Amino acid sequence: MSVFAVVPVKELRGAKSRLGAVLDPVGRAGLTLHMLRRVVPALRGAGLRRVLVVSPDPAVLEEARLLGAAGLRQEGFGLNAALEEGRRRALEEGAGALLALPADLPLIEPADVAALLEVAGEGPCAVISPDDARSGTNALLLRPPGALPFSFGPGSFGVHLQAALRRGVRVRVCERPNVAFDLDSPEDLARLEASGGVQYRPRRA
């Protein structure tokens, strides 16, 4: 199975705005790149053939290339638009399956990615990995790549489940603590730092 990954990343100057109370813009940009340096190696370490990082930011695309991923300049606006652009490129390059996930998963490891692939089994399917609150979607594996529309955002776990049921797509839920934890708020950052799970020490606001 030729599995491609698509990782959307916002422009650095606007990244992680919810952390503005505790991190200055340089700190937020640095944290975003730090997490990308975790996500891409996790994907490559699990043996994915191709990793596409989609972003409007040239600095992000350059970092992606340094990590061994392909950089795709985002033309549209928003998370789901970035994922659609990545899906189109993946299909052009012959992807048999697509793994979509955000870049703000600071604990993800190759074993987590491998678990998603294992749960998929054989044949057409959708594997959904929710966030801690079981509200959002933190990873979505689709085989074939066009099996479902992308609906990432608040409440997307349920939206993706319902879309799979409506379309008759076999669906599996894969809950992994390292995938469920995404870094969005000051509380998330404090939790991560307290756990010792991040070595990066960003500049404070």
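Glycine residues also receive a Cβ, built from the backbone N, Cα and C atoms like all the rest.
Annotated phosphoenolpyruvate binding site per Swiss-Prot: Thr137, Gly153, Ser156, in sequence order, evidence recorded as sequence analysis. On its own chain, Thr137 (phosphoenolpyruvate binding site) has Ile128, Ser129, Pro130, Asp131, Ser151, Phe152, Ser156, Phe157, His160 as residues at least 6 apart in sequence with a Cβ closer than 8 Å to its own Cβ. Taken residue by residue with DSSP, Thr137 (phosphoenolpyruvate binding site) is part of a strand.
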Largest C-alpha distance in Å for the phosphoenolpyruvate site residues Thr137, Gly153, Ser156, as a whole number, is 7
Given the phosphoenolpyruvate site Thr137, Gly153, Ser156, its other Cβ neighbours within 8 Å of the Cβ centroid, in chain order, are Ser135, Gly136, Ser151, Phe152, Pro154, Gly155, Phe157, Val159, His160
Same chain, |i - j| six or more, Cβ under 8 Å of Gly153 (phosphoenolpyruvate binding site); the result in sequence order is Leu79, Asn80, Gly136
